[in-house]
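Now, the feature entries from Swiss-Prot:
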type    : residues                                 : note
BINDING : 8, 9, 10, 11, 12, 13, 14, 15, 16, 17, 18 : ATP binding site
BINDING : 188, 196, 199, 202                       : Zn(2+) binding site
C-alpha cells in the first residue's frame, strides 16, 4: 500500500481529497497546522473528520502570526464580498507563502514515513485568487521538493492535486459520491460559532452546493441572497 501525507484543513476541499486518496488505496497520514489562524474551528473539524475515518491526525504548531500581513493571522478584518469580485486580485485573506510552508513541512514528515507522495486540496477554478493554488506553482514546488529532500533524490516527490481543475460543484458531487461527511467540515474564515455566510470561503462553498443542486447543512449566521433565492426555488424544508 502506497503511503501519502494528506494536508487537511477541515474545509470542503481537503476532506474530499482525503476520501479520494483512501478510495484509491493509499495509506493516508493526515496533517494539519495550528498556525495562529483566527478560524481555529477548522482544526476541530479536521479532528472530527479523522475520527470518522479512523485515522490519526498529526497537528504541527507554527505561529504565522509572527509574520502576519493576512486577515487570517493579523488584526485585519475579513472582507465581505460578492461572487463577482472574488478572484479579481490577491485578497487580504492570503497568508504569505502558506502552501510553500505547509508543503515543505509535509515533505519533511513524508520523509520520516518513507513516503514520497503528498495530497493537497487546492483548486484553481472556483477560488480566491491565491498565487500558491495555481498549477504552475505546484509543478515547480514538486521539482524543488524532489531536489531538496533525501527521499526526493531517491524517488522524487509527487504532489497530488486531484481537485485542481474541478469547480466547487464538481467537488461537492465527487464528495457526495465518496460519502464525505460535509456536516463535519468548516470553511468560514471567521472563527465564530456559526459560519458567517459572507466571506469568500463561505460564498464559494455555498455556490458549489447550489450549482451541484445540493444543500449545505452546516449552520450559517445568514445566507447570501443568491443562496436564499436558490433555497426558495428548491423548496428546501430547512430554509
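Positions of Cβ are set from backbone N, Cα and C atoms, glycine also.
Looking only at the binding-site residues 8, 12, 196, the densest Cβ neighbourhood within 10 Å occurs at 8. In the three-state DSSP classification, residue 8 (ATP binding site) falls within coil.
In the three-state DSSP assignment, the secondary structure recorded for residue 196 (Zn(2+) binding site) is coil. Each residue contributes its Cα atom, and for residue 10 (ATP binding site) and residue 202 (Zn(2+) binding site) these two points are 13 Å apart.
Residue 188 (Zn(2+) binding site) carries neither a helix nor a strand DSSP state and counts as coil. Neighbouring residues of the recorded ATP site, listed in sequence order and excluding 8, 9, 10, 11, 12, 13, 14, 15, 16, 17, 18, comprise 49, 121, 185 (Cβ within 8 Å of the Cβ centroid).
The Cβ of residue 188 (Zn(2+) binding site) has 39, 41, 195, 196, 199, 201, 202 as same-chain neighbours under 8 Å, each 6 or more residues away in sequence. Residue 199 (Zn(2+) binding site) counts 24 other C-beta atoms within 10 Å of its own C-beta, drawing on all protein chains shown.
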